[in-house]
Amino acid sequence: MAQATDPYALFAEWLAEAEKSEPNDPNALCLATSTPEGRPSARMVLLKGHDDRGFVFYTNLESRKGEQLAANPFAAMCFHWKSLRRSIRVEGQIESVTDAEADAYYATRPRGSRIGAWASRQSRPLEGRWALEKAVADYTMKFGVSAIPRPAFWSGFRLIPDRIEFWRDMPFRLHERRVFHPEGEAWREEALYP
Ligand SMILES: Cc1cc2nc3c(=O)[nH]c(=O)nc-3n(C[C@H](O)[C@H](O)[C@H](O)COP(=O)(O)O)c2cc1C
């Protein structure tokens, strides 16, 4: 019997191909969250980790998405690689990454981005561009040449998939759709009409 496809391995293959073909941000995805009342919102984020535990991104926990995920820990992701005419959709439950994991990723960010995380009150009203520039200048002064700790309000989330779909463009819009559902330790694959 043919070996069942591991969707995480297939994801890694597709992302590696996108890294060769996309002009920028091959790891960009549209992230959908919703309020407990079921009002959805969507925005782009960058994928910063993926393995057989799920798909990780980082953000400000006090942002709109952060507040929605705290109240309703489910999300959906959609990747679209235009040059490859491929898309991947992932849906599932959200968990927080550990402090150690977030610290390790934060430490890899350029110093300017680490200061930016402190300076941005993401998703809240901005009095003017000057206010952001002043906050960046203040934190730059504050930290000087010392180490910049990760803000407590900035961390990552992991989406633990209960559905992963691979979509591939085919002639005459007869596209290929392969959906994977977890079943215990394994995955069940199903094909869908386009
Ligand atoms: C290509 C791209 C990548 C982005 N990556 C991130 C990201 O990794 N984390 C993040 O918080 N915002 C990222 N943003 C900004 C978000 O799209 C969004 O403006 C911000 O997170 C606030 O969203 P919210 O108000 O719904 O929380 C990115 C935007 C673009 C266009």
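Any Cβ shown, glycine's included, is placed from N, Cα and C.
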Which of W130, W167 belongs with R43, M44, V45, L46, L47, K48, Y58, T59, R64, K65, Q122, S123, R177 in the FMN site listed by TrEMBL: W167
Long-range environment of the domain 'Pyridoxine 5'-phosphate oxidase dimerisation C-terminal' (154-194) - Cβ separation under 8 angstroms, sequence gap at least 6: 4-7, 10-11, 14, 48-49, 53-61, 69, 75, 77, 85-97, 99, 101-102, 105-106, 117
All-chain count of other Cβ atoms within 10 Å of H175 (substrate binding site): 16
When distances run from the Cα of R109 (substrate binding site) to each of the binding-site residues R43, L47, R64, Q122, the nearest one: L47
Sparsest Cβ surroundings (other CB atoms within 10 Å) among the binding-site residues V45, L47, L174: L174
Of R43, V45, R64, Y105, R109, S113, binding-site residues neighbouring ligand 1, Cβ under 6 A: R43, V45, R64
Assigned element (helix, strand, coil) containing Y58 (FMN binding site), judged by DSSP: strand
